[in-house]
Structure formats: C-alpha cells, structure tokens
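The feature active site is assigned by Swiss-Prot to Cys13. If you look up Swiss-Prot, you'll see Lys16 marked as site 'Important for catalytic activity'. Feature annotation from Swiss-Prot assigns ATP binding site to Lys16, Gly43, Ser44, Asp45, Asp63, Asp86, Gly133, His134, Ser135. Annotated Mg(2+) binding site per Swiss-Prot: Asp46, Asp86, Asp221, in sequence order, evidence recorded as sequence analysis.
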Amino acid sequence: MEKEIVFCKGGGCTAKLGPEALKHVLDKIPKAKDPNLLVGFEGSDDAAVYRISDDVAIVQTLDFFPPMVEDPYIFGQIAAANALSDVYAMGGDVKTALNIVCFPEKMDLNILGKILTGGNEKVMEAGGILAGGHSIADVDVKYGLSVTGTIHPDRIFKNSGVRPKDKLILTKPLGVGIIATADRVGEASEEAMDKAIKSMTTLNKYASEIIRKYDIHACTDVTGFGLLGHLHEMLQNEYTAVIQSKSVPYIKEAYDYANEFLITAAGQRNRNFVESFIEYETDDFAMQEILFDPQTSGGLLFSVNPEDANKILEDLHGLEMPCGIIGEIMELQEKEIIIR
C-alpha cells in the first residue's frame, strides 16, 4: 500500500464528537417547523429529508474527517463511501455530491489529486455526479462529501420504528476502528488492513437496494457511535434489544487486537455514553470493545419482520460481505440492551 499521508491521528469516524457532547449542544438548538421537512435532526437520523412533491423528496447529508489510512487514493474512496452511506441508510438514491476539502498549503497537490480521484470514483459507482465543492487551507488533511439524493416520501427508512419480535441484521463486519488503531502503531497485519479497507470501501448502495424489497421497520448505518451507540438511538428507551454476540460479524484480527488493548478513545466515549443502558450476560472484554468500536463506512443495521429475516440474509450473502442476524427486539426491560 502506498504511504503518503503520515499523520493519521484519530482519523475516520473516530474523529467524531462524542455522542454525549453532541446531544448536549443539539438539545439547545430550536427545531425547525415545516410540514415538508420529513426528517430533521431531532431524531438522530442519518440524513435530512425534505419533500418537494407528492412523489419526490430530497435527502441531504454531509460527512468529512481526517485520514485513517496512509494511502490518499484509498482514503478518498473510504471518505466518499462513508458520506454516501447516509443516503442509503435512509433508503434513498444518490444524485449529486460536493467535495469538502481541508488541505495544507505546503503539501504536494498530487496527494490531493489522488484523494479526489478516489472520492470521485465512489460517487460514480453510486450513480451520482460530482458537481463541485469547497476547499480551505488547514494544518491537516480532511476530506468528505456533501451529498444530495432522492427518495419517495412514503418510503423513508428512519432509525426509529423497531417493533417487538423484529430481528436485527447487520450488513458489514465490525472492528475497523480497532484495526486502524493497531495500524497506526504498527501492530496491524497487512491481511487485517486489507479486510478493513474492503469493508470501508464497499458502498452500502447494494445492501440498501436489497432490503428495500422488504418491510423494513427501522434502519441506520453504524459509524462513529459504534454498534451499541447507534442501536441505542434506534431503541429510544422504548424497547429492549437482545444481542447475540456470537452472531455479530466482525473482523477476526480486531478481536485479537482488542485483547491487546489496541482500542480507541472514541470507543471509550461510546462506552461511557451507552453503558448505563446495557446489561452484560457475558464478560468477553474484546467483544464488548468491538460492539463499542467506532466504525468508518460501517454497515447498515436494520430491524425487520422475523419471517423475512432469513430471506434477506440469503440475499445479502450474495454481496460477499460478512453479515448476520445479530439479535431481536422485545418489550422494554430493566435495561435497553442485553448482551449475551
């Protein structure tokens, strides 16, 4: 792998503000009142949705962050795939994207060219058009996209809406944050990084298109708040989810690195925010860290009727990405999340 970006500190979605700090600020922002704003920021959804006609709504999102890999082209691909993912988590289709660039004035512009090339290729793969962007000089590289998509107003996937007996399905393996952390200190194997990069550069477009054929009750993508943080947002303290940890897909090496305490500060922020809602029926430390691990360009997490779960899983297996039925929803218990 070509190594040209050598300052990967807290890159990817590990760079996000912690959920507790973010909630503290957003709770003080007045909520917009417009009947055509179908999804705003009040529900922790992945993107905003605004209705422009009876049949069409626009989906808007943006995401950018510092590098988590040292190859600029791959970084561009990952950052773009991550930004595009929010449209797919809502059930929409990508139409246009704008580059968001922070770049040091004294750095080789060829590096920026490689980042933008990687990003553009993912936008094209998504079926979208790169239509422009904005750049500023900064001490560190940061890159991402502002993305616009479309969706039918009656077919939006929200992150709320789970129902008792629903099955929870995850479409990508966990552990990329832990592996990137291990790589920054020279402890990750090439095989582990290859697995992480394959996951992070895979668009959620394909999984989203599959699950739209079914009755999806709630959906989100797993990113900086980790699986348990995003699951907490889905449950809204109204239901309980039972997670079968042995059914959760993850990259094997991430488990080994977690046992060696190669874990992220962002993962610990996620643990601190969510842990009071959790009951552990297993003392597997490494698995706990994987469940809290911030993901960059992570998979879709969705709830669905139990009778559809196995058929959806069969369809998803055709994408050749580890996925699984990881748990189920039940009426609210003493704790919101139970880990078995």
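Glycine is treated like the rest: Cβ placed from N, Cα and C.
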Helix, strand or coil at Asp46 (Mg(2+) binding site) [DSSP, three-state]: coil
Binding-site residues near Asp86 (Mg(2+) binding site), in sequence order, restricted to Ser44, Gly133, Ser135 and a 10 Å Cα cut-off: none
Nonlocal residues around Ser135 (ATP binding site), in sequence order (Cβ under 8 Å, 6 or more apart): Asn99, Val101, Cys102, Phe103
Among Ser44, Asp63, Gly133, the most crowded of the binding-site residues [Cβ within 10 Å]: Asp63
Sorted by sequence, non-Asp46, Asp86, Asp221 residues with Cβ within 8 Å of centre, Mg(2+): Asp45, Ala47, Thr61, Ser85, Val87, Tyr88, Ala89, Met90, Thr220, Thr223
Rounded Cα-Cα span from Asp221 (Mg(2+) binding site) to Ser44 (ATP binding site), Å: 12
